[in-house]
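**Student:** Handing you a structure now.
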There are 4 protein chains.
Amino acid sequence: MSGNTFGHLFRVTTFGESHGPAIGCIVDGCPPGLALAESDIQVELDRRRPGTSRHVTQRQEPDQVEILSGVYQGRTTGTPISLLIRNQDARSKDYGNIAQTFRPGHADYTYWHKYGIRDPRGGGRSSARLTAPVVAAAAIARKWLAERYGTTIRGWMSQLGPIAIPFTDWKHVAENPFFAPDADIVPRLEQYMDELRRDGDSVGARIEVVAENVPVGLGAPLFDKLDADIAYAMMGINAVKGVEIGAGFASVAQRGSEHGDELTSEGFLSNHAGGVLGGISTGQPIRVSIAIKPTSSIRTPRQSIDVEGRSTQVETFGRHDPCVGIRATPIAEAMLALVLADHALRDRAQNAGVTVPTPRIAGPDPRR
Amino acid sequence: MSGNTFGHLFRVTTFGESHGPAIGCIVDGCPPGLALAESDIQVELDRRRPGTSRHVTQRQEPDQVEILSGVYQGRTTGTPISLLIRNQDARSKDYGNIAQTFRPGHADYTYWHKYGIRDPRGGGRSSARLTAPVVAAAAIARKWLAERYGTTIRGWMSQLGPIAIPFTDWKHVAENPFFAPDADIVPRLEQYMDELRRDGDSVGARIEVVAENVPVGLGAPLFDKLDADIAYAMMGINAVKGVEIGAGFASVAQRGSEHGDELTSEGFLSNHAGGVLGGISTGQPIRVSIAIKPTSSIRTPRQSIDVEGRSTQVETFGRHDPCVGIRATPIAEAMLALVLADHALRDRAQNAGVTVPTPRIAGPDPRR
Amino acid sequence: MSGNTFGHLFRVTTFGESHGPAIGCIVDGCPPGLALAESDIQVELDRRRPGTSRHVTQRQEPDQVEILSGVYQGRTTGTPISLLIRNQDARSKDYGNIAQTFRPGHADYTYWHKYGIRDPRGGGRSSARLTAPVVAAAAIARKWLAERYGTTIRGWMSQLGPIAIPFTDWKHVAENPFFAPDADIVPRLEQYMDELRRDGDSVGARIEVVAENVPVGLGAPLFDKLDADIAYAMMGINAVKGVEIGAGFASVAQRGSEHGDELTSEGFLSNHAGGVLGGISTGQPIRVSIAIKPTSSIRTPRQSIDVEGRSTQVETFGRHDPCVGIRATPIAEAMLALVLADHALRDRAQNAGVTVPTPRIAGPDPRR
Amino acid sequence: MSGNTFGHLFRVTTFGESHGPAIGCIVDGCPPGLALAESDIQVELDRRRPGTSRHVTQRQEPDQVEILSGVYQGRTTGTPISLLIRNQDARSKDYGNIAQTFRPGHADYTYWHKYGIRDPRGGGRSSARLTAPVVAAAAIARKWLAERYGTTIRGWMSQLGPIAIPFTDWKHVAENPFFAPDADIVPRLEQYMDELRRDGDSVGARIEVVAENVPVGLGAPLFDKLDADIAYAMMGINAVKGVEIGAGFASVAQRGSEHGDELTSEGFLSNHAGGVLGGISTGQPIRVSIAIKPTSSIRTPRQSIDVEGRSTQVETFGRHDPCVGIRATPIAEAMLALVLADHALRDRAQNAGVTVPTPRIAGPDPRR
């Protein structure tokens, strides 16, 4: 209710501020018996870690995760899994001037109005640093989904500011700091980022995520539609301003005879739906695209006000991602994993059924 | 949890199927003391009613609402408000051929897989008819928001298939069946729809919604961000495939120095944020844009399978909206109203505070 | 959150006031495929109906239930089941004097303070009449539990005011208006009630409920313990002031060597636990005992205040149960059924597991 | 949903096992601006700490709490407050024989059946040690309730096994390890416990809790009644088997003319209701009584089975509380505090009202 818990049955509650002693989360509802070690989580945290290229914040955080509960002899027990990550490289002096003014486009302003108090150090709770516990929790969800259904979740950057990035091959994604699925464009992206840094400015990005081997039947008909929950999850990522499922905004100009994915006894012939019909998964890949706005903390001086309401100029020093989208791919994957894990558990409950005597149809087995 | 309840504190649970005896909802959490009559609700239901122009389904439903509880001597009492709408013009024979086959792009397929059973008459629970109880519930939310904060919520159609619709004036919106804010374009829209109907096809649309006089401070920092909940609400509307807040996907190519809305002691100088920063309302207008896919029920024959998995051809007769987007404007407004009412109540709880001794800043009063 | 919804996965939201147009509920989360007719529900409503003996309120209500949704061709579809019961014998004139004063021991006082407004007719929402939708919803839960697990839930009155009622045989329970499991004591109970009515007074009662064939493993370890949720459900029944599970308050004076139920390979040797250990069901019968206070609406004049805070005398005329406990047995059964159905669905989600390679032990099969 | 979160708006999620690396919780929803230091929490943890007298477990745990988030410059910020307590004196060798057998009356059996896996060390998650995070979280709730409403919550032991303990004076409660409100009876209690320890047995207890200066109007009419939530909270404490509010089971034999608390313009004349009418607080003291069963881990040999279902004998060595009730008083106080804080926040949302033009009545101000 206070906005720090994600999910209903596979449920994650996070805590922490950018420059506090620690960040972390409690993962509740993970089924018992899943093999789990800290290394399973660390590998995902490392993908999202700051300080790994010159194009992202230079904050050096090992982001070492500690499992405090819920695992016994290498397996989950069905009890809450608590994950702890100590903050180490917190330099609050960099943020001193921020405490009394509001950065245009930043949560400073709204936190102050909502709570009447805020932790200004490094953005406090609104910092992108708080995506680390989410990525850690999702590492557990991903492992469970992979073992239970064979589900895989992968993402990439499809646009950096004005530069569209073609999809060439999955193999490139892990080989550059942008998560770009094309090797040839990387030098151009690097040059663009260098110019941006020189200008003291920031830029937006577009990220794509796809989940494969998703069981059919996840979701709910009216409000907790699978795509509605995906939209909620994605729009909840810092700086996201738009979400599309399948054909997305392109569907506005499509006709029904083009958009509606035809079926044969071998399966679907297209996937404009993006893997969801009527709020419920079809078994096809789930396709999501998100828009990320440019970082609000920039070195360029801007008009603003201070906490007394007086006009002032703000320019932000300190360490910031000039394009928060560069590190967003693992985060978007994480959010999709959390939605799918939660709906997979919900579907179990929704089908706790008296057997329905209906013939089976072709395609993925509906009774997982 | 089963996806039929919307909201946490201002909470709506709907029921009903397209061709069952009735549809309706329970609105729980509406504050006591609000003057409320059936006519307050009926006016909104009438805006969304089918059968009012030749461009939408010809089903004739008076959609007469009955308040069954929660109102005493013309005022809400704080107890649940139950709203009942009897179905009247249900012609299930029109849908007979649908029971054994799946329409491409339709929820038929996923309901069957999820539940092993479905009510095929008129789309059952997945019918757009089920937006009526939502609109009815939201009429209460809108009335409360208007009285409490002066909040107004309005929408319009900005694109019909390939035709972009300019915003000329609010006054036109109510004067044509498309909710188009421009009078001159209406004949072109009508001609387009007539052609589409002749072709037995359908098309998508884009709808805009804006909320004004929204109090500052609604939302939550991590997961229940106001924009995340708006995305969830909008993507939950039948046929929606994309959601944008403020600059939306345009923010991908924006620079931080352009996107971040500057502030003076008189207020904000722009609204790329769309009224939300860090997941919390700024007090500026909230701006939302959604993409609606073309209706999946069309007369054009299409490849599909039957419930035994055999290949077949499907064409849909019966009464359908050839562009479900035409009637979507009041629904999008309704969903936004429900999100705002819920967050307004949540904010009350989140600020039940020990007084914080901080100076007040300019702008809307944060302590509602 | 507003207190009108019960359960998480098997979820019931009720509405209505004693003298409004109707009462009813939405049952959400009932698994699909369950055979269900109005008669399945009516039979339980009839057990709890007023006006059936001279010892309970003389209000004549047929309590005819109508299923408005969620059932297609005689089977549940997994969508919300809406139940409607029209109020018929509402005589609001009987309650006229109540609107301006508070009855000692009645919710009048607190509703007024909480909401600043209330529907005084027949107790409004606080009326025992509102247990009808709960009983109706629970009829569905009971049917599902019976078909899925063979679970049966039965209750009886064990004490009426000062008179302890021995348990002789289940067969007597249905044969007298008190739900007394002993035929010989019935004349004494009737005489006691006649005296009470002559005195214009009311009295309390104790009710026992037992659930048999409950699957092992329902519940949760810390807060949503099965017994905690039972206590919540029972204390939520109008007029209940105490709840015991198993040995209850007698366990205060027991020693561990007496209380702890020993096990053999054939099962448990006793059931002081009442079927719950560590918040999770053992597979033994669940035993619950509740205390019901005397009805607060009595003809005896009592000191009170009016809505202006002035001292006054209150005596209640109109139709009231002189012992609300007499009709409480089906209600207590209903609440237990709702808790069990909800936890049965929750358990499905909690065990959506990677298979655990452990040997099976004797007793009920833990993997339902 | 998995049973590790308590509350809706003032919400506590706990984690940890008896012998894992740490225990703790996240407190979400605490209003911003509350002065809070670790010492505020430590004082309550110290009241519940083990090893402080010879009558309780000899495990030596400093239970030092660390605040990891949610507090900035000594004040809460409205973001989640994470509390961490490292386990220090975990001797798992003491529990080796327990892993393969089930203790009569212990959660061993049900955990094994539910999850197919369990952490047997020290009872794992079912250990009474897990009440420490609850007490820590409640320390925050208590501080907020005290500052906001002046609410105080106090408890005492009223019965130890067969020995009833008279209430003489509050001052004695803190002066003996039993929380007994009478000094003279303490030697008798000590002697009884010494005999019990010699016998290798355990015993039950009864605890009373009272909350004063509770605002009128907390609660909800149907299911989330304040007393229902209190019953849920209390029955959720390890080993509790019964809960009473106000007159409790005594109300069975009371008449309405005795039980219903009369009112004058100066207030109530009695408090059989225990501070709750119709599920909503009256402003009178809330009175709760609970029954705690004898500890299941005893040295006396008992019949049981092992994980293969074979008959065996079990006797428990290691460190255990021979009467878990001795340390239960601070825990019962804690649970009551959590319920009240949650309902206080809920009430804020429930009254976010259009002003109701009704005359004010005498008594506590209903509009907090």
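Every residue gets a Cβ built from N, Cα and C, even glycine.
Curation plays no part in TrEMBL annotations; they are all automatic predictions.
The NADP(+) binding site annotation in TrEMBL covers C:Arg48, C:Arg54. For C:Arg125, C:Ser126, C:Ser127, C:Asn238, C:Ala239, C:Gly278, C:Lys293, C:Pro294, C:Thr295, C:Ser296, C:Ser297, C:Arg319, the entry in TrEMBL reads FMN binding site.
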**Student:** What is the total of other Cβ atoms whose distance to the Cβ of C:Ser297 (FMN binding site) is within 10 Å?
**Tutor:** 28
**Student:** If you count the other Cβ atoms within 10 Å of each Cβ, which of the binding-site residues C:Ser127, C:Thr295 comes out on top?
**Tutor:** C:Thr295
**Student:** What does the structure give for the C-alpha distance between C:Thr295 (FMN binding site) and C:Arg48 (NADP(+) binding site)? Integer Å is fine.
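**Tutor:** A Cα-Cα distance of 17 Å.
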**Student:** Could you state the whole-number distance in Å separating the C-alpha atoms of C:Ser127 (FMN binding site) and C:Arg54 (NADP(+) binding site)?
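**Tutor:** Cα of C:Ser127 (FMN binding site) to Cα of C:Arg54 (NADP(+) binding site) measures 19 Å after rounding.
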**Student:** Near chain B, which of the binding-site residues C:Arg48, C:Arg54, C:Arg125, C:Ser127, C:Ala239, C:Ser297 can you find when the cut-off is a Cβ distance under 8 Å?
**Tutor:** C:Arg125
**Student:** So, three-state DSSP: helix, strand or coil for C:Arg48 (NADP(+) binding site)?
**Tutor:** helix
**Student:** Validating a neighbour-count step here. Other CB atoms within 10 A of the CB of C:Arg125 (FMN binding site): how many?
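**Tutor:** Total other Cβ atoms inside 10 Å, all chains included: 31.
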**Student:** Near chain D, which of the binding-site residues C:Arg125, C:Ser127, C:Thr295 can you find when the cut-off is a Cβ distance under 8 Å?
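**Tutor:** Contact set vs D: C:Arg125, C:Thr295.
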**Student:** Just the number: how many Å between the Cα atoms of C:Arg48 (NADP(+) binding site) and C:Ser297 (FMN binding site)?
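**Tutor:** Between the alpha carbons of C:Arg48 (NADP(+) binding site) and C:Ser297 (FMN binding site) there are 20 Å.
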**Student:** Of the binding-site residues C:Arg125, C:Ala239, C:Lys293, C:Ser297, which one sits closest to C:Arg54 (NADP(+) binding site) when you measure Cα to Cα?
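**Tutor:** Among C:Arg125, C:Ala239, C:Lys293, C:Ser297, C:Ser297.
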**Student:** In sequence order, which residues at least six apart in the same chain have a CB under 8 Å from the CB of C:Ala239 (FMN binding site)?
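**Tutor:** Sequence-distant Cβ neighbours: C:Ala128, C:Gly204, C:Ile292, C:Lys293, C:Pro294, C:Thr295, C:Val324, C:Gly325, C:Ala328.
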**Student:** Pick the one among the binding-site residues C:Arg48, C:Arg54, C:Lys293 whose Cβ has the fewest other Cβ atoms within 10 Å in this structure.
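**Tutor:** Selected from the binding-site residues C:Arg48, C:Arg54, C:Lys293 on minimum Cβ neighbours within 10 Å: C:Arg54.
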**Student:** Helix, strand or coil: which one is C:Arg125 (FMN binding site) in, per DSSP?
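**Tutor:** DSSP assigns C:Arg125 (FMN binding site) to helix.
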